[in-house]
Amino acid sequence: MNTYGINSREKNIVNLVITNVRPYGEGDPTTVTVEDGIITAIGGRAASAVASKAQSSDNVQVVDGNGGVLLPGLVDIHVHLREPGREHTETIETGSRAAARGGFTAVMAMANTQPVDDNPIIAESIYLKGKEYGLVDVHPIGSITKGLEGTTLTEFGLMKNSLAHVTMFSDDGKCVANSQIMRRALEYAAGQDVLLAQHCEDPLLTEGACAHEGEVAGKLGLRGWPRAAEESIVARDMLLTRDYGGRLHLCHLSTTASADLVKWGKEQGINVTAEVTPHHLLLTDDLLVNYEGIYKVNPPLREKKDTQSLRQALLDGTIDVVATDHAPHAAEDKCVEIQNARPGMLGLETSLAIVAEIFVRSGLADWRFVAKVMSERPAEIVRLKDQGRPIAVGEPANLTIVDPDHTWIARGEEMASKASNTPYEGMEFHSRVTHTILRGKVTHNLAIVEGSSK
Ligand code: DOR
């Protein structure tokens, strides 16, 4: 057993040589060798020697990175895997495959399953299934309140001490709207040293809403979801954290003022972190013009000025991470009148391409930035000690290879996810994950999956 708890006898570990990759997209292509799940050499004579020996050895797998960018394995701290309860839309197995294809080596699975993940038995079953499939580390998030009902706190301590070692709690999908319950949750979370992730939505302001409250919703005659419904909870919960302790994480921020408030909170020294989704960085509410449920999401797509502020907030570190809020839904729940459509969209298999498009291809940022917001900071926030690590000798081989010049078109039907509700259908992207490596095991190889469909 090494320092990262990786047992070399674990059957999913193979020795690996990755040739022709550029760590963080920098420098000349080099060779990386991996033994027992740990990086043993990067470039230099040692790596070349192993690489040439590997060509003739059965025990060593060789991956040709084809000049691609080598990143630390991506970490998504906000996904919905739908098992238990809605396995016709996603399972831990299909969600794990979608994650691996998206470049992820760890995901945090939200608690709004059926039954809700509000006790150690459900959490352990999710954790153990993730382990059994072994495509990505699946860490269950426990709910803050029993049954997501917003009234009785769950047993943070029991869930933390379970096999699943739950250290993040969220009622996501619903807001913990009652201020007194949220205060008690923060106090309890502070004592247990666990993270609380809030879905910021004052439900009294969003009853019956299905689109951003603005000009588009006005013209279409749709009931609006005002920015203030999110921002008021962002402000409230930061003030509660300031006064009662705990670590607060704010899910899927969607407005300019939410980002401004977080900036203020951080300046005050409040223990707060925040995420933004790829769809809130890229898409806007005018997509709803044909009343298509595929574009319905919670919080809703907003206006161009919001996407611009969110990009800026991610660039300057106000918003810490990109998280997908991967939300698979069946066609019968999306292709209905927009009022009745379930909110949410697929995200795992398109997120890297979107972040690369907005930040790297535009020249706004480099691959180090992508590593920071999609791997290092997410792993730090949820304290995954073997994820989001530097690409260096002695570190765990959780890695992602990206082809930065690969033009492809997103198609829901071709995704590994069981559902197909992507808002990017037919959209062209120019970067693509080609390989994902979890503790030295190749969990995704684009050349193998290309051409396969559901
Ligand atoms: O659009 C959303 N869908 N937002 C959420 O917060 C929950 C998610 C879901 O579970 O479908």
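Any Cβ shown, glycine's included, is placed from N, Cα and C.
Curation does not apply to TrEMBL; its annotations are automatic.
Model, not experiment: these values are computed from the prediction.
Here TrEMBL has His199, His252 binding Zn(2+) 2, and the candidate from Asp172, Asp237, Asp285, Asp286 in that same listed site is Asp172.
According to TrEMBL, His78, His80, Asp172 bind Zn(2+) 1; the candidate from Asp320, Asp325, Asp333 that the record adds to this site is Asp325.
The substrate site recorded in TrEMBL includes His80, Leu81, Arg82, Asn298, His329, Pro343, Gly344, and the single candidate from Asn20, Asn112, Asn119, Asn398 that the record places there is Asn112.
Using a 10 Å Cα-Cα cut-off from Asp325 (Zn(2+) 1 binding site), the binding-site residues that qualify among His252, Pro343, Gly344 are His252, Gly344. For ligand 1, the neighbouring binding-site residues among Leu81, Asp172, His199, Pro343, Gly344 are Asp172, His199, Pro343, Gly344, by Cβ distance under 6 Å. For the binding-site residues His78, His329, the largest tally of other C-beta atoms within 10 A is found at His78. Shown are the binding-site residues His80, Arg82, His199, His252; the one with the most C-beta atoms within 10 angstroms of its own C-beta is Arg82. Excluding the listed site residues Asp172, His199, His252, the same chain places His78, Met110, Ser170, Gly173, Cys175, Ala197, Gln198, Cys200, Glu201, Cys251, Asn298, Asp325 with Cβ atoms within 8 Å of the centre of the Zn(2+) 2 site Cβ atoms. Same-chain residues at least 6 positions away in sequence with a Cβ under 8 Å from that of Leu81 (substrate binding site) are, in sequence order, Glu90, Thr91, Ile92, Gly95, Ser96, Val107, Ala109, Met110, Thr113, Ile126, Val138.
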